[in-house]
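Colleague: The structure's right below; bear with me while I get my questions together.
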Ligand code: ADP
Ligand code: MG
């Protein structure tokens, strides 16, 4: 090479990388064989990259388009070499990709370690794909040679995993990357030897069988020479011939028959492709022929990613055409509410360089999308009816997406309502579906009751719950802030309307005795002047004052009528800075409570005295506090309470 090359430099790894390397080198990780899967997967990614980019720039191929990954074990040098003719890396890319930790999986791994503040256990390491660095689990030295297409020089990078690496320019004929592992002694023993062709063959089968490119290796065949009749010649030395063998079947997993695929294979494919470290909850693999032809492999992940509900985070399905990768995240396939579904669609009907624009208008895509949506919903319905614990664990992670779907996607409302789960007063820890709730409703109950609040104990203690509890009426508990929007959007289920326990008339008529109803009515009439006076005192704050029929042992509560929004929604909207929406506020008083008697006495003694004004204020503020709403004037409230305490102590 006449060109000047960059001289050899020794550099330090980034601190985090050092930490990780140290872990790799000294790890107690048992499953060290996965290093091969990681390196092969990187090679395959790099070939994907060059092939994809060559669609628009064929010069990148440099005339070499027989994509392959080659393994060379060498017993004399104790090295295992893994080469690919993929995209390779430039000098800067090597420094960037190999010297630092840019990768989210690795970062998450380190974050998890910090969080735990203990030494890493095997399980923890096993959960994360740690990629390239896993080479240091088995190698005392890692040498990487690489050349990006179009570059005159290659790069040689080397490290023993001790915190530094060297980097220099070098000659490299073939485009792509070659990784040479000088194996630690313990991996060249009789029990575990990563230089044995048999071991390598089975590792490739185990972890990398579906890799789309041939993974090749020279395999030595020994044959006893034969005579003219085909009989082995005794005493003659065996003849060794070398043949190139392709170790993987290359058929992508999704193209195989369902009955030939084990759950483990589905799982490891998922983890590899979607960089998840947990097995998926459910796999949906289907093939369709007819109007549209496609194969789809969809997964319900076990856990929601932290950014699932982030507007800018992109869900989406991978697209392939005849096994060839087209697009990473196609968002037009599944409705927004299924954004958590991961997976791929392979259809010969898509052309390889179809644009996102064209895709959006593609009839085939719409048809496939409809089918996928159907099959995901079907899977969820089955899960709900056949494997409740599994469904609940799905619900815990992704229920919110479905709930948002109900109120943001009008067309999906009916498809989703049967899948909703809520906690309820029926059992202390279980969840109920709307179907189950309705199934338990006594014939006389007309509506589905729900209560909103921050958690079970606060809802169970709401004054508005008292009567319902006494009557043994089941109430759904809405703790999630999207719940009420969902219920509001549904309006009814199986012709039963939803009724908040804090709004309007409880419609308990048929459950309530006629006497109790009469009681409330006559008490209202009897106390008309008092109620009117309270309403005037609290004018501007409340819309009405009523004798309550829902309270049993509490003195007051605040409810709103059935029009407009509820108090809890008002709070949520206020937090979202949508303050102009106000709920109506109706103060309900328990006529059988001692406080009511006291209030009446104060009123009758002197309706103009400040004592009466104070009582009204105190009652209203209490009602607010029960709803979790801070009074406008907390200091005034505290002073009044203090006053009252001082007086009663006298
Ligand atoms: P990941 O594959 O998840 O990105 P790795 O640690 O396995 O993480 O690899 C880090 C980066 O190094 C890759 O993203 C890629 O840019 C680069 N890389 C690793 N191996 C190769 C290779 N064989 N050819 C080209 N680039 C590679
Ligand atoms: Mg990788």
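All residue numbers here begin at 1 and follow the chain in the order shown.
Glycine residues also receive a Cβ, built from the backbone N, Cα and C atoms like all the rest.
Annotation comment: TrEMBL describes 1-356 as region 'A'. Annotated domain 'Histidine kinase/HSP90-like ATPase' per TrEMBL: 31-187, in sequence order. Per TrEMBL, the feature ATP binding site maps to 38, 42, 84, 89, 97, 103-105, 127-132, 177, 356. The annotation region 'C' is assigned in TrEMBL to 572-650.
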Colleague: Across all protein chains in the structure, which of the binding-site residues 97, 177 has the highest Cβ count within 10 Å?
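Modeller: Sorting the candidates by Cβ neighbours within 10 Å, the top entry is 177.
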Colleague: Go through the binding-site residues 84, 97, 177 and pull out the ones with a Cβ less than 6 angstroms from some atom of ligand 2.
Modeller: none
Colleague: Tell me the Cβ neighbour count for residue 84 (ATP binding site), meaning other Cβ atoms within 10 Å of its Cβ, over all protein chains shown.
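Modeller: Its Cβ shell of radius 10 Å holds 28 other Cβ atoms.
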Colleague: If you run the three-state DSSP split on residue 177 (ATP binding site), which class comes out?
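Modeller: Strand, per DSSP.
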Colleague: Hey, does DSSP put residue 97 (ATP binding site) in a helix, a strand, or just coil?
Modeller: helix
Colleague: May I have the DSSP-based helix, strand and coil counts for the residues of the region 'C' (572-650)?
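Modeller: Counts, helix then strand then coil: 49 helix, 4 strand, 26 coil.
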Colleague: When you measure from the Cβ of residue 131 (ATP binding site), how many other Cβ atoms are you left with inside 10 Å?
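Modeller: For residue 131 (ATP binding site), the count of other Cβ atoms within 10 Å is 20.
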Colleague: If you average per-residue pLDDT over the region 'C' (572-650), what number do you get?
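Modeller: Averaged over the region 'C' (572-650), the predicted model reaches a pLDDT of 88.
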